[in-house]
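Among the features that TrEMBL reports, ATP binding site is placed at Gly9, Pro10, Thr11, Ala12, Val13, Gly14, Lys15, Ser16. Taken from TrEMBL, the feature substrate binding site covers Thr11, Ala12, Val13, Gly14, Lys15, Ser16. The site 'Interaction with substrate tRNA' annotation in TrEMBL covers Thr99, Arg122.
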Amino acid sequence: MTPIVAITGPTAVGKSSLADMLAMRWGSEVLSADAMQVYRGMDIGTAKTPVDERPVPLRLVDLVDVFQPYSAAQFQVDARGEVERLRSEGKTPIFCGGTGLYLRAALDDMHFPKGEVDDERRERYNKLAEELGPLGIHAMLEKRDPRSAEIIHPNNVKRVVRALEMCDEGVSYADQAAGFSQHNPFYEHVTFALAMDRARLYERIDRRVDVMMGEGLLEEVKGLLDYGARDALTSMQAIGYKELISYLDGECTLSDAVDLIKQRSRRYAKRQISWCKRDDRTRWIDLDRMGVEDALDLIEREVLEG
């Protein structure tokens, strides 16, 4: 059986177009691995290809309402369902996305706590974090799970909160993190990470943000707020959304908000690159040295010929 293909890399590097072209060559479909594309109504800011512009079917997008909790554990279930469907149709699944944890959840033998994300509980811990500050909430974790507190920096409040939630579920963040460091495949797969010169990538990121603004990202955010999405704890923290919410709340100028979106997108790209580098199974494709057609030929050779 042909291995599953995963195309990943930093934001704006050109993953979607390459995955679409590969899917067209193979008569297959693309499975999104993007933690924010799962939300309905978040289209422009997540670079979700409009339905009428998709050359091939794009799956694992628009799965839940912006208010609904969604996790890597749920993605694992949904993604593997799509993999089995495609394989039953004789098609090779092609994953595409920059959320590394989601890719690993689908393709590797990873195990997650059984408990679902509880918005009320998360809100309670977030309020505690605001009241106690980073050091205070971290001290709470240290009392309940010293091993996890040792590996989570106090400033990473989001992760501290998740570790506390896991304590409630009877699971240790430290134990889960140790398991995540093991790269044991659930499916045979080949992961390709796209790369290019950092300056060129940053130019593409800045240009993409400008295009998103021109396509109506601000109006999309306004529409989500009118829908009542301000209280959606996860989805409204996405880059591009929280900055424009700050602008609409009068906390900054529109120009400052756009600049901040670009800055945070560049930082996110650096984190995505670092994530890819941590997995020595990743095969890199340098788009400064190789055109798209050559990249497609390379993927075909490595996957089909082994």
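Every residue gets a Cβ built from N, Cα and C, even glycine.
Shown on the structure are the features that TrEMBL records.
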residue	record	Cβ contacts under 8 Å, 6 or more apart
Gly9	ATP binding site	Lys15, Gly98, Ala193, Leu194, Ala195, Gln272, Ile273, Cys276
Pro10	ATP binding site	Gly98, Leu194, Ala195, Leu201, Tyr268, Ala269, Lys270, Gln272, Ile273
Thr11	ATP binding site	Ala47, Gly98, Ile205, Arg208, Ser265, Tyr268, Ala269, Gln272
Ala12	ATP binding site	Ala47, Leu201, Arg204, Ile205, Arg208, Ser265, Ala269
Val13	ATP binding site	Leu194, Ala195, Met196, Leu201, Arg204, Ala269, Leu287
Gly14	ATP binding site	Leu194, Arg204, Leu287, Val292
Ser16	ATP binding site	Val30, Ala47, Thr49, Cys96
Thr99	site 'Interaction with substrate tRNA'	Ala33, Asp34, Ala35
Arg122	site 'Interaction with substrate tRNA'	Val161, Glu165, Leu233
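Its own atom aside, the Cβ of Lys15 (ATP binding site) has 25 Cβ atoms within 10 angstroms in the protein chains shown. A Cβ within 8 Å of the Cβ centre of Thr11, Ala12, Val13, Gly14, Lys15, Ser16, the residues given for substrate, is found for these other residues of the same chain: Gly9, Pro10, Ser17, Ala47, Gly98, Leu194, Arg204. Neighbouring residues of the recorded ATP site, listed in sequence order and excluding Gly9, Pro10, Thr11, Ala12, Val13, Gly14, Lys15, Ser16, comprise Gly98, Leu194 (Cβ within 8 Å of the Cβ centroid).
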